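Comments concern the structure below.
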């Protein structure tokens, strides 16, 4: 089987709509409810037993009559996280300025001068991160250091007005950035591609498995959408006692390095060259047999792929790799520019190639190939 790029209008639009639906949702760490509700609805009609555990992970076990007949079926867990980086309100002063703590990793210089949404139940309130005007800063020979400790959110309302609207400590703040098609069928911008684009991919993969059960009958497949990845891969740890996996395919956002001011001066991965296979990250070394297997599948089917390694990076599979009897795990990534900021940019051809790679890898994987 060979792989070729296909951008049929119908399939393209369905994918765009799915990514748009998921990325536009608010869902900071510990506030994944809106995402969980949509994922549960999207997954429930795909021949699965679906449940939500006590910390909020969505677990979907694909029904497989063949698994009752064969003890040799490989148990495969495919997962991605629901949460996005954001903030949690900690205080409101009398003038109405809001202080908040970060949920996940932010770089200070991307925080200022942006619009944000405060989630109040199923409603949102706009807020802005203020910054001194240049007229003030130009009075200093050296502008004062700006750190996240000085960050505040301004809604234009005073404290009592905010309280009357239900704003209080403990609520989440997320970027106000809606999915945008930059180049139809090719490039998109949005917040929360990390990891909502991968949840969209899992949804499309699940639909394919549901339509073609015979193709995947040699596997016991479980899909999981996890919580609180951005604050230390916490939700995934709860899966250890619930899912018996031989193999984990963790789906994540990769760090594209193809823009002019890229700090490390590294050159890969880039947009448009396929998904990234991790050989190292700060939280996990992948199973070398899995790396070889995925590499060989991509090569044999002419599916483009890239290599990636990141030191300051963690992902959910690391929370399960050494649980129980141990699990063979790998991190597969969709390259994203400007991760952990208000906007990311992704390439549709990377998404399509990664989805195709997952399908073929699952069709070919077995115990004797690892």
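Backbone N, Cα and C define each Cβ position, glycine as well.
Where the annotation comes from TrEMBL, it is an automatic prediction and has not been curated.
The record from TrEMBL ties 81, 194 to Zn(2+) 1, and of the options 16, 20, 252 it ties 252 to that site too. Cβ neighbour count for residue 230 (Zn(2+) 2 binding site): 25 (other Cβ atoms within 10 Å of its Cβ, all protein chains included). Those residues of the chain, other than 194, 230, 340, with a C-beta within 8 angstroms of the mean position of the Zn(2+) 2 site C-beta atoms are 84, 85, 104, 105, 192, 195, 253, 339. Taking the C-alpha atom of residue 340 (Zn(2+) 2 binding site) as reference, the shortest distance to any of the recorded positions 81, 194, 229 belongs to 194. When the Cα atoms are compared, residue 194 (Zn(2+) 1 binding site) and residue 229 (active site, proton acceptor) turn out to be 10 Å apart.
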